[in-house]
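Report on the structure given below.
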């Protein structure tokens, strides 16, 4: 892949260099920090769109939840889904839990914390979310150590997996009504690749920028997930000792121009486009985290300070990149039409986040939910520029707030994209060696 990407003024080579030498090493270190490695998720939510067709029984589909005793005390105290030291003060939380009346709660909280809790509750009830968020208070919600449950090939495939992606593309993507993508992956295709025809028709019908962007985001996410599976593939298992690594044959099957009838390179370009979108969101949200009132709170003061310093360092790098996607070109028409299209955009993506609860493999569901939520958080940031610019320095946010769950998803989702682009460089080398 070379050259300039569609719908932006950035070339692939610049992204490769920027990611390899600046972003990838730092984002890897950040993901290893306690604040970002523990993600609370509900993997038992029922599929809202069709009857459950059973869960994957392959052992590699299993997710090992993290025992409560392993969770840092500051994160456990933040079960209210917040992140600052003030909100996670254990004394105040204990008082809250023991209080039976709102008046009693109010009498035990500082004015700043009361203001924060009220603002958080108001914002959590707002309609600004692009994702269906898990209820972290549910007894089915559990902490997962992301480092101990890596995203990799599990063997989950066939009609069940196809049904999920088919629903995402067919029911939720903006596309011409005349284009149909059949559900059954085993059905013979007449006249070539149905997916190739789908893409070709999509881009030949002149969809507006917003709808092209929406499709590219979903396609880029799909490509990134497929890259992770190819790069972390079960190559062999001898005497119960699995060996994981890159599978060049699988990569070729999913992305080679000949194998995919020309579609593979477009999928990978959409991965780069998605990377630019999330990179832009990180640069836009930096002022939110630069405020002293925001702590990445785990209870370990030294590690928390180092985590925030590393995050701010990554933000400085994102700002230094000079070929960002310009989101101001989106939803810039007449106000009524732009508002309607933006809301349609949000609801479509929110519906996609709900489809992730239909994934039959727990590990695939975990990473699908996290990466979808990360992208949804990025979109929320891009459409909240005015609110972010008007944030107060030393008091709780008014009008814009990120929960800990959203912050963890945002960083890890971008980390997955950074890894995808890095793995793509590795596959280029491996392919040259096999020729």
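Every residue gets a Cβ built from N, Cα and C, even glycine.
Bear in mind that the values here come from a model prediction, so they are computed numbers and not experimental data.
As annotated by TrEMBL, active site, nucleophile applies to 361. Residues or ranges marked as active site by TrEMBL: 364. As annotated by TrEMBL, FAD binding site applies to 152, 154, 165, 219, 222, 254. According to TrEMBL, the disulfide bond annotation covers 56-61, 361-364.
Shown here: features listed in TrEMBL, placed on the structure.
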residue	record	contacts (Cβ under 8 Å, 6+ apart)
56	disulfide bond	154, 155, 156, 160, 360, 361, 362, 364
152	FAD binding site	60, 228, 229, 232, 233, 234, 244, 363
165	FAD binding site	222
219	FAD binding site	266, 267, 270
254	FAD binding site	226, 230, 260, 264, 267
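The Cβ of 61 has fewer other Cβ atoms within 10 Å than any other of the recorded positions 61, 361, 364. For residue 154 (FAD binding site), the count of additional Cβ atoms within 10 Å of its Cβ stands at 19 [all protein chains shown]. Around the Cβ of residue 222 (FAD binding site), 18 further Cβ atoms fall within 10 Å across all displayed protein chains.
Of all residue pairs in 152, 154, 165, 219, 222, 254, the annotated binders of FAD, the farthest apart have Cα atoms separated by 21 Å.
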